[in-house]
Amino acid sequence: MNSSKSPGLAGFGVLKNSTCHTEKKISVFFSIIFMTVGILSNSLAIVILMKAYQRFRQKSKASFLLLASGLVVTDLFGHLINGAIAVFVYASDKDWIRFNQSNILCSVFGICMVFFGLCPLFLGSVMAVERCIGVTKPIFHSTKMTSRHVKMMLTMVCLFAVLIALLPILRFRAYQIQASRTWCFYKTEHVEDWEDRFYLLLFSCLGFLALAISFLCNAVTGITLLRVKFKSQQRQGRSHHFEMIIQLLAIMCVSCICWSPFLVTMARIGINEGRSKHTCETILFALRMATWNQILDPWVYILLRKAVLRNLYKITSGCCGVHVINLHMWELSSIKNSLKVAAISESPGSSKQINLQPLSSMGQ
């Protein structure tokens, strides 16, 4: 019954000796709340990003907004599909033997868990790389990072995540029903086979690699922007860069906080060859922490916009009694600033002419 190579019986052995008991009413409540809040939050973020993309379609910010939209859409479908399956499992009293005889539902659930777990992490790292190129190599970015290229990148990221999710199925290694009997994933109990350990370590390593790439690229982008700010007087044209780097830093922090417990837990189980002392409740808590990442991601784009940040800055400055300084760099609707950035990036010789207006406005 514990054989992982028998698709029809895979995972059912854990149902007999399961010592993990979750309160049904509380678990159903959490699943429904997570799914509802996630769908509403991501839907609102999609509307905001699509409106912004229509405004900046021909500007350097368009590629970032397209990637961000892909991230939010992925989170939306993750909540919709995984949440619907989880609610169905709870509604069926977690009786997997009755509705999962051929192990199809568990396989679909496991594939979705892996795909919708890794894909947002990959997209976050790609967004960080895109912003790093946009700030450090603006001419290359303006000529090579077109909408078509960004869509190709989105497709490649999704296909790679799909490949990782399908890898156990291609190797005739079925996904396993976990001890809580509420979700499916790689084998996490009595892990003895090298291939089972490989999948756990692969998932963890890819997740940590995506977070590391995001951290390095965001660090380079932030340092570059600060150097430009202190050495150059062309501060207006960099306003959208500061907005995007703040959003990227927030996404990176949210991803690290939410995903680290789950990635560390899976890595320790894989390294310890199934002798890890992690209980079912610990794994379930780490999974719920990871679920919060898909809920908090859209709020980064909802709250961390220049219009919102500008108002928060004014309120904070007013409460602290500090004089509000010039806020040109946080003007949301300044199309001139975006045109200046494009002109500065594409024709360095014209930077002297473009500098006249910022200097005159600073004098005012």
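Each residue, glycine too, has its Cβ placed from N, Cα and C.
A Cβ distance under 8 Å defines the sequence-distant neighbours of the transmembrane segment (26-50), meaning residues of its chain 6+ beyond its ends; these are 65, 68-69, 72-73, 75-76, 78-80, 83-84, 86-87, 90-91, 182, 288, 291, 294-295, 297-299, 301-302, 305. Taken from TrEMBL, the feature transmembrane segment covers 26-50 (among others).
Annotation source TrEMBL lists domain 'G-protein coupled receptors family 1 profile' at 41-301.
What TrEMBL lists as transmembrane segment is 62-90 (among others). Sequence-remote contacts of a segment are chain residues at least 6 beyond its ends whose Cβ falls under 8 Å from one of its Cβ atoms, and for the transmembrane segment (62-90) they are 24, 27-28, 31-32, 34-35, 38-39, 42-43, 45-46, 49-50, 52-53, 56, 96, 105, 108-109, 112-113, 116, 119-120, 123-124, 126-127, 130-131, 134, 141, 145-147, 149-151, 153-154, 158, 181-183, 244, 247, 251, 294-295, 297-298, 301.
Within the chain, the transmembrane segment (102-129) has long-range Cβ neighbours (under 8 A, six or more residues past its boundaries) at 7-11, 64, 67-68, 70-71, 74-75, 77-78, 81-82, 85, 96, 153-154, 157-158, 160-162, 164-166, 168-169, 174-177, 183-186, 203, 206-207, 209-211, 213-214, 217-218, 221, 248, 251-252, 255, 259, 290, 293-294, 297. Per TrEMBL, the feature transmembrane segment maps to 102-129 (among others).
The transmembrane segment feature in TrEMBL is assigned to 150-170 (among others).
Marked as transmembrane segment by TrEMBL: 198-226 (among others). With a cut-off of 8 Å between Cβ atoms, the residues of this chain six or more beyond the transmembrane segment (198-226) that come close are 114, 117-118, 121-122, 124-125, 127-129, 131-132, 135-136, 164, 167-168, 173, 186-188, 191, 238, 241-242, 245, 248-249, 251-252, 255-256, 259, 263-264, 266-267, 269-271.
Among the features that TrEMBL reports, transmembrane segment is placed at 246-271 (among others).
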The answer for the transmembrane segment (246-271), taking Cβ pairs under 8 Å and residues 6+ beyond its ends, is 68, 71, 120-121, 124, 127-128, 131, 186, 188, 191, 197-201, 203-205, 207-208, 211, 214-215, 218, 221-222, 278, 282-283, 285-287, 289-293, 296-297, 300-301, 304, 309
